[in-house]
Amino acid sequence: MPVITLPDGSQRHYDHPVSPMDVALDIGPGLAKATIAGRVNGELVDASDLIENDATLSIITAKDEEGLEIIRHSCAHLLGHAIKQLWPHTKMAIGPVVDNGFYYDVDLDRTLTQEDVEALEKRMHELAEKNYDVIKKKVSWHEARETFVKRGESYKVSILDENIAHDDKPGLYHHEEYVDMCRGPHVPNMRFCHHFKLMKTAGAYWRGDSNNKMLQRIYGTAWADKKALNAYLQRLEEAAKRDHRKIGKQLDLYHMQEEAPGMVFWHNDGWTIFRELEVFVRSKLKEYQYQEVKGPFMMDRVLWEKTGHWDNYKDAMFTTSSENREYCIKPMNCPGHVQIFNQGLKSYRDLPLRMAEFGSCHRNEPSGALHGLMRVRGFTQDDAHIFCTEEQIRDEVNACIRMVYDMYSTFGFEKIVVKLSTRPDKRIGSDEMWDRAEADLAVALEENNIPFEYQLGEGAFYGPKIEFTLYDCLDRAWQCGTVQLDFSLPSRLSASYVGEDNERKVPVMIHRAILGSMERFIGILTEEFAGFFPTWLAPVQVVVMNITDSQSEYVNELTQKLQNAGIRVKADLRNEKIGFKIREHTLRRVPYMLVCGDKEVEAGKVAVRTRRGKDLGSLDVNDVIEKLQQEIRSRSLQQLEE
């Protein structure tokens, strides 16, 4: 009979099989009331599942990450319960958990309206408030199939026929009259599923195949308590205000259009931000001793066959042909950089060779995945490749890591999660080579006092990598930086150098990106700053305004002086009230507004206001210029007097 070992090491002995709920009741009624599921010998199980042999057991509650995931999964079943009550002929497909919530794909003979979604959510609340028990039954494959055939659930039957072995025992979860099929676990009672909201609907093909029927996907979010739900909804509201697509339109930064899906039309102000970002990156390339190069936009398909991209990546590549030759528009820059490396004989004395490019790349992303600047088809990478010896890997990775943190800190990103991906089962190279490479990456991170977690087996077949994920002010994750070792591509493209022993050797290649896609990073910055770009990045840094026509000449002189000082400035001499002008330029997020009235003209000064509404008073013109230059030169995140 089972001996149950709890997380604190204590043991409980039973003379009969017990469930996690039985053990929780044995410990105390409070824990039993909070029990959602159990973890038995490391495996998640339902609270009602029986433990027949000695085992370790952890009780899962809503405070656990797994508990919240189970709540979300059960809310998907609750959605199924509600939709079948409102529209009984609906056919249910799949209802998994996703980030922050869940969805259910349904086959319904009507297009769901916003009113339908509201009615569905209302019915879900009515059902959840009944606090009914969720009953799990393990049945034979044949019984499960018969159940869903009788209910007309053709998608469930398809899952059984194609995805579940005939000797398996599927779990059927009974929500009163509604039955769903799942591996589980699920909540034991619907009292855990009170805090949810349906978010949106979308189209989705059955099994993700465009040859299949288009279903309706209903998305929802669910949380353990009302406070967490409200906090999430507030974050979404704030994110909507910061949406780079909305701000990009307000500030006239860029646009996209149907004739060029996933391609950016940069307007003057957006392109100003892009170019300033390039200037910043170039300053770091110089500091960290990189060469800057430029490769062609397209190369013969034969080259992409040599690299392996054609076999593994051709669906994402745009192609064209000329004079009976097929060309690929480059989806990445590395093969071109190897071609540059291959020009001329290289010696070990030439290494490390650090090669950087603002590489214009194109990838044939699915149209449904395109999203403003965040997911595009045409983009520019702040890409670099370092050619080095095995002995130089650690020092080069060390420098890459310092560069990553140096650049991210300029934008105020402080929370950065780092992951080290190790060797997969299918790989090239010896175990000794992988041992050394993984150790070099780990030691480089440790030497920089950077905590990291391993992603075992998640490296590429050609080498391990470090991924840097930054978190923005809304605590959203953005995977931007990568340091990837590559033991394959240089060999495939016949790259070599002459070693100290006068023998030809293949260099190690380090792929290094920090911002990732320039377009995407500008999207991230737009949302991070809500369009209030730091002064050094702002398209227009200063607007000079008159109050009446008598100050026009002074405004023009001051504007010219600011331009000569390297400041991006505009004069606003319109015959409008000064309050109107200030409001308009505040909405345009211009960092500084300089107001010139008769007093300022007489004293040779200027009244300074910030876009946050702070009045800095009447200041000497030369002092203002000097302070602005210092703020811009230092790439400060703060404005004057902050």
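For all residues, glycine too, the Cβ spot is worked out from N, Cα and C.
For the Zn(2+) site, Swiss-Prot records C334, H511, and the single candidate of H267, H385, H585 listed with them is H385. When the binding-site residues H385, H511 are compared by the number of other C-beta atoms lying within 10 angstroms of their own C-beta, H511 comes out lowest. Of all Cβ atoms in the protein chains displayed, 24 besides its own lie within 10 Å of the Cβ of C334 (Zn(2+) binding site).
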